[in-house]
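Step one of this worksheet: look at the structure below.
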């Protein structure tokens with residue numbers, strides 16, 4: 001951070017902290033505090049170094065609980081992790097219900113030509129989404145427990161992100177390369193390997209510091225962009241027309257999904273908007289919350305794309321055009 005920007009941030013912190021009348025740092029490590037005391041939220045400078053993820057969220061911190069029950073009781077009051085928890089906890093419930101809806105009303109209705117493979121594909125996607133959202137929610141709920149629990153929950157969060165990315169790409173590759181099973185296996189294998197490497201790096205203690213946050217974010221983006229490789233391969237070397245390729249993956253929905261993820265990740269990486277006005281977005285509309293909503297939109301667009309790809313492939317298989325022999 002530039003010296004001028006640092007000076008401005010420190011000045012804003014001083015002004016913001018001086019306006020806080022409920023500042024009670026002595027509650028930080030009290031294990032037997034009453035519920036009323038637990039609701040006395042802290043400011044960023046009261047928190048231990050391992051909890052200070054961003055210099056721009058100045059207030060609304062829960063004290064370190066050292067208790068699972070204390071973390072659960074924080075669901076009863078508003079703090080700077082509340083929106084992060086509820087967006088993805090409710091999202092996990094929503095995608096669980098969407099899996100049931102898809103299974104019973106789309107794949108298994110009287111007019112459906114779905115196969116067991118289609119059921120597996122949609123099951124994999126919805127499981128990936130629910131797993132990712134659940135891992136995210138548990139991190140934001142229990143991150144105030146202790147340093148060890150926070151690190152463990154954060155690693156689970158990272159694994160969940162990779163599972164969603166890899167699971168989503170597997171499903172798109174199934175329909176996009178429907179007539180090319182050898183290419184399916186090749187690119188699914190590459191994607192799985194990239195996912196394993198990303199999990200290893202993101203759960204390594206060496207890369208755990210906040211200074212590696214840009215690297216971790218770029219790794220998540222990079223593994224998602226791997227999905228462009230089979231599309232480019234298909235456009236260059238396969239006999240399918242461009243229209244067929246675009247329809248087989250529901251390109252408009254994939255484009256909306258990609259935009260949602262990149263938009264959210266960019267704001268998250270650069271701490272927008274809280275970096276512009278530190279302290280003003282502590283409870284609502286800071287970059288991590290926006291990123292959470294962007295993930296929900298991205299997953300929704302991917303599901304919509306899979307449904308369109310499934311319906312298009314069903315019509316493709318039922319019509320006069322079958323799959324050409326794979327080269």
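Cβ atoms here come from the backbone N, Cα and C positions, even for glycine.
Please treat TrEMBL annotations as automatic predictions, because they have not gone through curation.
For residue 288 (Zn(2+) binding site), the count of additional Cβ atoms within 10 Å of its Cβ stands at 21 [all protein chains shown]. Residues annotated as Zn(2+) binding site in TrEMBL: 140, 288, 292.
According to TrEMBL, the feature transmembrane segment maps to 83-100 (among others).
Taken from TrEMBL, the feature transmembrane segment applies to 120-144 (among others).
TrEMBL lists 156-178 (among others) with the feature transmembrane segment.
Residues annotated as transmembrane segment in TrEMBL: 184-203 (among others).
Residues or ranges marked as transmembrane segment by TrEMBL: 215-238 (among others).
The annotation transmembrane segment is assigned in TrEMBL to 258-278 (among others). Here the transmembrane segment (258-278) has Cβ contacts under 8 Å with residues 9, 12-13, 16, 54-58, 213-214, 217, 220-221, 224, 285-288, 290-295, 297-298, 301 of the same chain, all six or more residues outside its ends.
Positions annotated as transmembrane segment by TrEMBL: 290-312 (among others).
Remark: the transmembrane segment (215-238) contacts the transmembrane segment (156-178), by the rule of 3 or more CB pairs under 8 A. Here the transmembrane segment (120-144) lies next to the transmembrane segment (290-312) in space: the count of CB pairs under 8 Å, restricted to residues six or more apart, reaches at least 3. Highlighted in sequence order, 81, 83, 84, 85, 87, 88, 136, 289, 291 have their Cβ within 8 Å of the centre of the Cβ atoms of 140, 288, 292, the residues recorded for Zn(2+), and are not part of that set. Counted over residue pairs separated by six or more positions, the transmembrane segment (83-100) shares at least 3 Cβ pairs under 8 angstroms with the transmembrane segment (290-312), which defines the two as touching.
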